[in-house]
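Enquirer: Can you read through this structure? Questions will come right after.
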């Protein structure tokens, strides 16, 4: 029941409708489904291993009854057949659609044998036992019929009590018939399903054939021998040589990428260094101009110092009425203004000149007094 409810949740989602450009239309996806454990623990049984059905006569279920839903004791028995070579998601989706055709479905899957397949369709990658086992491990399958017939007969349908046959609606011409399901459709027992575009056994084989050399080299690297791969001695050596050449190319490519990364890092660092150097040089030039420029601090300092020196060195003008000698008060030696912080003395008389005018002491006063006495 849990598996059936999960299938109903999956079917409740709207199908993706692809436009001409292959893009999924917006608004088609619904919300996420709730978490639940619906995995099965055992593979589906084979039909010939099951107990025989009860003695009740075989009576088909109509399409209307099947859509309304049947009792749990009488599920709708749906049959789907195929080759199922290289079992892929397209096969699984087709079986899921067949399983979810009706509310209560028992899905029977028929797998054709190697003899029939090779006769009517062609050679297969997997043998019949591998294909049987792949199908019975699909979660949607309830029963597997081995060695299924290529064309369904009334006896086969009655033996397995089949109500409906599920397959895509494209006419399947084979075994001298334009459509092997024509009589099933006419009997009203056909239930169509949709093919999954872009995936099929033929597509997968085409990819392998197209890239044959790549896969041969891959398997040789994994330890398969040339004999196992049906490869000649010359081709084996050729593939080994190609592998060595590719290794050298990969190494060269890696070195080129690393060198490009290194050059890029060096360029980034050089750009950073240049930017920092420019910033520091602008800062240095600005500081230099601020100090030594035409209006820099050094010029103002020199002007101010020069003015102070000129003011200190140049003598001041004597006043018009100088005091007499008696009015002068004797004082100790007076020094130049720039050697002391006291106010400068009055200017000396005009007849004094030279260095004597810069230093006036008591000895000079005494000499002047002696000269006056001699004259008297």
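Backbone N, Cα and C atoms are what each Cβ position is placed from, and that goes for glycine too.
In TrEMBL, annotation is done automatically, which means it is predicted and not curated.
The annotation region 'Disordered' is assigned in TrEMBL to 1-34, 312-376. What TrEMBL lists as compositional bias 'Low complexity' is 1-10, 314-323. Residues or ranges marked as domain 'Cytidyltransferase-like' by TrEMBL: 79-207. Marked as coiled coil by TrEMBL: 238-265. As annotated by TrEMBL, compositional bias 'Acidic residues' applies to 361-376.
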Enquirer: How many helix, strand and coil residues does the domain 'Cytidyltransferase-like' (79-207) contain under DSSP?
Expert: 45 helix, 26 strand, 58 coil
Enquirer: Pop the mean pLDDT for the domain 'Cytidyltransferase-like' (79-207) in here, whole number is fine.
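Expert: PLDDT averaged over the stretch: 93.
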